[in-house]
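**Q** This is the structure, below, for whatever I ask next.
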Amino acid sequence: MNIIVVGLSHKTAPVDFREKLSIPKVRIGEAIRELCNYPHIEEVAILSTCNRLEIYLLTSDTYQGIREATQFLADSSDLSLPELRQHLFILLHQDAVMHLMRVTAGLDSLIIGEGQILSQVKQCYQLGQQYQGIGPVLNNIFKQAISAGKRVRTETQISTGAVSISSAAVELAQIKKQDLRTANITILGAGKMSRLLVQHLLSKRVKDINIVNRSVERAKLLVDQFKEANINIYNLSELKTILQNSDIVFTGTSSQEPIITPELINDCDNLPSELMLFDIAVPRNVDPNVSQFDNIKVFNVDDLKVVVSQNQQTRRKMAKAAEILLEEELSAFNIWWGSLEAIPTINKLREKAEIIRVKELEKAISRLGNEFVSDHQEIVESLTRGIVNKILHDPMVQLRAQQDIEIRGRALKILQTLFNLDTIKNGMSPTL
């Protein structure tokens with residue numbers, strides 16, 4: 001068995017490539033089922049965000065598992081395998097586990113220490129459980145990664161003052177426009193990113209904001225969180241009119257197709273002299289061809305790196321402290337993973353002990369007689385189980401805790417030989 005992650009991120013692929021592989025939440029269950037149908041894939045979890053798509057696997061064969069996951073990505077994106085390989089990264093076992101911990105802690109994010117990734121990993125874990133992709137191994141890994149992510153944020157200052165994708169977009173808009181208070185600003189979408197956009201715009205003393213959304217009811221829920229602000233709500237069908245009266249538009253919906261297209265722009269009769277579109281969605285909400293219009297400037301998540309770099313230098317120092325904590329967490333994982341090697345031997349030892357206990361108990365009961373048994377059977381059962389458990393407890397604890405691979409391996413072989421455990425198969429022992 002091996003733990004593998006196959007994926008791509010903002011570090012390995014541009015947004016136009018990432019969006020082709022993005023898996024929306026509504027498709028995660030289907031994707032997990034497809035992956036689990038491959039013969040060498042035992043467990044699956046899928047992490048899909050605007051900056052990464054990562055498939056975490058437990059496989060019975062490392063090479064075949066990688067091949068199957070890569071083939072799945074090619075089939076689901078209509079990309080060729082050579083195209084994919086240019087941008088994919090593959091990590092095995094300890095490297096895969098450490099990568100998940102770094103991702104969850106915000107150390108691998110475009111913005112070091114950003115908080116949203118922790119909730120995204122939690123959702124990945126929940127969906128993996130819901131659609132039965134996560135088994136005992138990935139369950140332990142994700143629980144430990146989430147715990148590590150929380151610990152890093154609690155014990156270091158990595159998330160103090162960290163910017164988010166939304167706040168970085170607002171900062172970039174301010175750099176380009178200088179004074180946002182005089183701009184007509186529209187937000188397309190009413191989800192979490194839109195809420196953060198409103199929050200950061202208000203911190204820049206922006207007074208008037210337009211929210212355009214397919215569901216007006218959902219937009220109202222967003223507006224209700226900012227009662228002090230002057231926020232106007234519009235249906236998506238009114239987007240053309242709103243664009244004609246906007247200087248800046250932020251987009252952050254979960255739409256799988258572009259919403260602002262060249263056709264929509266051509267239908268607008270009277271656009272402002274300069275319209276800036278800040279698209280922080282993946283897949284993108286703004287068709288890349290919209291940038292061909294002279295009076296329109298389009299920015300996407302990859303353009304935020306300019307803003308982020310100003311924030312990163314001080315955060316890298318904090319990241320070093322976080323890395324030390326993650327090394328401790330990885331050591332704890334290695335102890336757990338090593339203990340799995342002992343489980344088959346421990347189970348056989350327990351099974352043999354139980355066979356002996358039951359057989360000897362039956363002999364004792366036949367000698368003691370029915371009257372004694374009816375009055376004391378529970379006590380005798382408890383006594384014999386207690387003796388077996390006490391005898392087995394120390395060797396089992398020592399086997400699980402042994403970190404030295406060679407010592408543990410020798411101990412397992414000695415145990416198997418001394419107790420003749422190779423004869424224990426399917427609960428039967430031919431020698432008894």
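Glycine residues also receive a Cβ, built from the backbone N, Cα and C atoms like all the rest.
Sequence annotations record features per position, and here Swiss-Prot assigns substrate binding site to Thr49, Cys50, Asn51, Arg52, Ser109, Glu114, Gly115, Gln116, Gln120 based on sequence analysis. Annotation comment: Swiss-Prot describes Cys50 as active site, nucleophile, evidence class sequence analysis. As annotated by Swiss-Prot, site 'Important for activity' applies to His99. Sequence annotations record features per position, and here Swiss-Prot assigns NADP(+) binding site to Gly189, Ala190, Gly191, Lys192, Met193, Ser194.
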**Q** Note down the number of other Cβ atoms within 10 Å of the Cβ of Thr49 (substrate binding site), including every protein chain shown.
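**A** Total other Cβ atoms inside 10 Å, all chains included: 21.
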**Q** Around the substrate site formed by Thr49, Cys50, Asn51, Arg52, Ser109, Glu114, Gly115, Gln116, Gln120, which additional residues qualify by having Cβ within 8 Å of the site's Cβ center?
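**A** In sequence order, the nearby non-listed residues are Gly106, Leu110, Ile117, Ile165.
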**Q** Spatially, which candidate from the binding-site residues Thr49, Ser109, Gly115, Gln120 is nearest to Gly189 (NADP(+) binding site), comparing Cα atoms?
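**A** When the Cα distances are compared, Thr49 comes out closest.
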**Q** Out of His99, Lys192, which has the highest number of nearby Cβ atoms, where nearby means within 10 Å of its Cβ, if these are the recorded positions?
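**A** Per the Cβ count within 10 Å, the most buried is His99.
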**Q** Which site among Gly115, Gly189, Gly191 has the most other CB atoms no more than 10 Å from its CB, taking these as binding-site residues?
**A** Gly189
**Q** Drop a 10 Å sphere on every Cβ of the binding-site residues Asn51, Ser109, Gln120, Ser194 and tell me which sphere holds the fewest other Cβ atoms.
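**A** Checked Asn51, Ser109, Gln120, Ser194; of these binding-site residues, fewest Cβ neighbours within 10 Å: Gln120.
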**Q** Would you identify the secondary structure of Gly191 (NADP(+) binding site) according to DSSP, in three states?
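**A** Looking at the DSSP assignment, Gly191 (NADP(+) binding site) belongs to neither helix nor strand, so coil.
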**Q** Between the Cα atoms of Gly191 (NADP(+) binding site) and Cys50 (active site, nucleophile), what distance do you get, rounded to the nearest Å?
**A** 14
**Q** With the NADP(+) site defined by Gly189, Ala190, Gly191, Lys192, Met193, Ser194, which remaining residues of that chain have Cβ atoms positioned within 8 Å of the Cβ centroid?
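**A** Those within range, site residues removed, are Ile187, Arg195, Leu196, Leu197, Leu222, Gly252, Thr253.
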**Q** Express in Å, rounded to the nearest integer, the largest CA to CA distance found among the substrate-binding residues Thr49, Cys50, Asn51, Arg52, Ser109, Glu114, Gly115, Gln116, Gln120 named in the record.
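**A** The two farthest binding residues have Cα atoms 15 Å apart.
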**Q** How many neighbouring Cβ atoms, not counting its own, are there within 10 Å of the Cβ of Met193 (NADP(+) binding site)?
**A** 23
**Q** To the nearest Å, how far is the Cα of Ala190 (NADP(+) binding site) from the Cα of the residue listed as 'active site, nucleophile'?
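**A** Distance between the two Cα atoms comes out at 16 Å.
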**Q** Roughly how many Å separate the Cα of His99 (site 'Important for activity') from that of Met193 (NADP(+) binding site), to the nearest whole number?
**A** 25
**Q** Given Lys192 (NADP(+) binding site) and Gly115 (substrate binding site), what distance in Å do their CA atoms have, once rounded to a whole number?
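**A** Each residue's Cα considered, Lys192 (NADP(+) binding site) and Gly115 (substrate binding site) end up 12 Å apart.
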